[in-house]
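Contents: one structure, followed by commentary.
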Amino acid sequence: MINLRKTHPLMKIINHSFIDLLAPSNISAWWNFGSLLGICLVIQILTGLFLAMHYTSDTLTAFSSVAHICRDVNYGWLIRNLHANGASMFFMCLFLHVGRGIYYGSHLYKETRNIGVILLLTVMATAFVGYVLPWGQMSFWGATVITNLLSAIAYIGTTLAEWIWGGFAVDKATLTRFFAFHFILPFIITALVIVHLLFLHETGSNNSSGINPDSDKIPFHPYYTIKDTLGLMFLLLILLSLALFSPDLLGDPDNFSPANPLNTPPHIKPEWYFLFAYAILRSIPNKLGGVLALLASILILLIIPFLHTANQRSMMFRPVSQTLFWILTANLMTLTWIGGQPVEQPFIIIGQLASILYFTLILVLMPLAGMFENYMLEPKW
């Protein structure tokens with residue numbers, strides 16, 4: 001069996017990736033989120049597959065088919081709740097994974113980071129088209145508002161929006177194609193995950209101290225498989241608690257009403273994991289400017305490595321950068337809160353200040369902090 005694991009063409013790849021892989025001996029629980037994201041992806045694909053067996057992507061029957069899944073299909077309510085709350089867990093792990101990368105300097109592995117940002121954008125696209133499928137009020141109006149942002153693009157905007165819609169507004173054609181996108185994108189994500197791992201295993205994992213760990217490495221199995229299993233237990237505990245006790249906690253009450261193009265909800269908002277970007281979009285009183293700020297809020301992750309001015313890789317021994325990082329975290333939480341509030345004072349000005357602070361922290365203050373820390377570490381005699 002040992003020989004087969006090391007000689008079989010397929011088993012050999014799995015062996016080098018998950019069993020005999022050498023990993024730094026000092027990586028903390030913050031390195032669990034990669035494997036948890038893999039588990040989340042598997043859960044989402046499996047639950048999504050069973051939901052797709054009963055769902056109909058037609059404007060007349062979509063809402064009813066979701067109700068049918070919850071009422072008439074064996075454990076349909078559980079599958080639907082796991083899928084809906086699994087998306088929230090997916091994004092929670094994603095945000096923690098990205099935050100870990102920034103804090104410990106893992107983003108300096110540029111190829112891994114680039115694929116990671118593409119993965120983040122693809123997952124966000126998948127979640128957006130998936131949110132439209134139940135065809136509730138917030139599904140319909142969320143799709144209308146977000147796809148309408150394409151019309152802000154000069155010359156081709158309106159044509160592009162109508163091309164995405166398959167008509168002059170969000171309707172049956174839009175729902176059908178969004179279902180097709182939502183079905184195919186997770187498999188594209190799976191392919192990107194494999195590429196992400198391929199690039200990661202070219203360099204090996206970073207570690208919390210940020211120094212080269214080659215002198216002290218241990219095999220992935222059994223040490224990190226057990227550690228990841230503990231993380232998985234916590235993930236399943238939270239996911240099952242959400243799905244079984246408060247399945248609608250993170251949803252929107254408006255989505256219990258079927259889509260009605262003649263009745264606009266008082267406050268249109270996306271799912272909680274998009275609220276920070278939605279707050280940045282709304283903070284600029286110009287359509288094109290808002291769209292550009294929305295894109296910049298995510299794509300800024302691509303330039304973070306070029307803004308890394310510190311001589312040390314990790315923030316573990318950089319107190320000024322640490323402080324700014326946690327201010328950035330608090331700022332993102334503030335933006336998430338603002339995104340869920342109505343467009344009125346004082347929320348407008350708080351959102352604008354938080355948006356300015358978000359970009360200032362990443363583009364100006366954190367690079368300056370790195371330079372300052374370099375200066376403080378230089379011998380002065």
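Residue numbers in this text run from 1 along the chain shown.
Every residue gets a Cβ built from N, Cα and C, even glycine.
Per Swiss-Prot, the features are:
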type	residues	note
TRANSMEM	33-53	transmembrane segment
TRANSMEM	77-98	transmembrane segment
BINDING	His83, His182	heme b b562 binding site
BINDING	His97, His196	heme b b566 binding site
TRANSMEM	113-133	transmembrane segment
TRANSMEM	178-198	transmembrane segment
BINDING	His201	ubiquinone binding site
TRANSMEM	226-246	transmembrane segment
TRANSMEM	288-308	transmembrane segment
TRANSMEM	320-340	transmembrane segment
TRANSMEM	347-367	transmembrane segment
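Overlay of Swiss-Prot feature records on the structure.
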residue : record                   : Cβ contacts under 8 Å, 6 or more apart
His83   : heme b b562 binding site : Gln44, Thr47, Gly48, Leu51
His97   : heme b b566 binding site : Phe33, Gly34, Leu37
His182  : heme b b562 binding site : Gly48, Thr126, Val129, Gly130, Leu133
His196  : heme b b566 binding site : Thr112, Ile115, Gly116, Leu119
His201  : ubiquinone binding site  : His16, Ser17, Leu21
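Residues 30, 33-34, 36-37, 40-41, 43-44, 47-48, 50-51, 66, 69-71, 116, 120, 123, 127, 130, 235, 238-239, 242-244, 247, 250-251, 271-273, 301 of the same chain lie 6 or more positions beyond the ends of the transmembrane segment (77-98) yet place their CB under 8 Å from a CB of it. Outside the transmembrane segment (33-53), and at least 6 residues removed from its termini, the chain residues within Cβ reach (under 8 Å) are 69, 79-80, 82-83, 86-87, 89-90, 93-94, 96-97, 100, 182-183, 186-187, 189-190, 193, 228, 231-232, 235, 239. Of the ranges 113-133, 178-198, 320-340, the one with the most Cβ pairs under 8 Å to the transmembrane segment (288-308) is 113-133. Within its own chain, the transmembrane segment (113-133) has Cβ neighbours under 8 Å at 55, 57, 62, 66, 87, 90-91, 94, 98, 101, 106-107, 139-140, 142-143, 146, 170, 174-175, 178-179, 181-182, 185-186, 188-189, 192-193, 195-196, 199, 270-271, 273-274, 298-299, 301-302, 305, counting only residues six or more beyond its boundaries. Sequence-distant contacts of the transmembrane segment (178-198), counting only residues of its own chain at least 6 positions beyond either end whose CB sits under 8 Å from a CB of the stretch, comprise 17, 37-38, 41, 44-45, 48, 52, 55, 57, 112, 115-116, 118-119, 122-123, 125-126, 129-130, 132-133, 143. Sequence-distant contacts of the transmembrane segment (320-340) (same chain, at least 6 residues past either end, Cβ-Cβ under 8 Å): 99, 102-103, 269-270, 272, 274-280, 282, 310, 347, 350-351, 354-355, 357-358, 361-362, 365-366, 369-370, 372-373.
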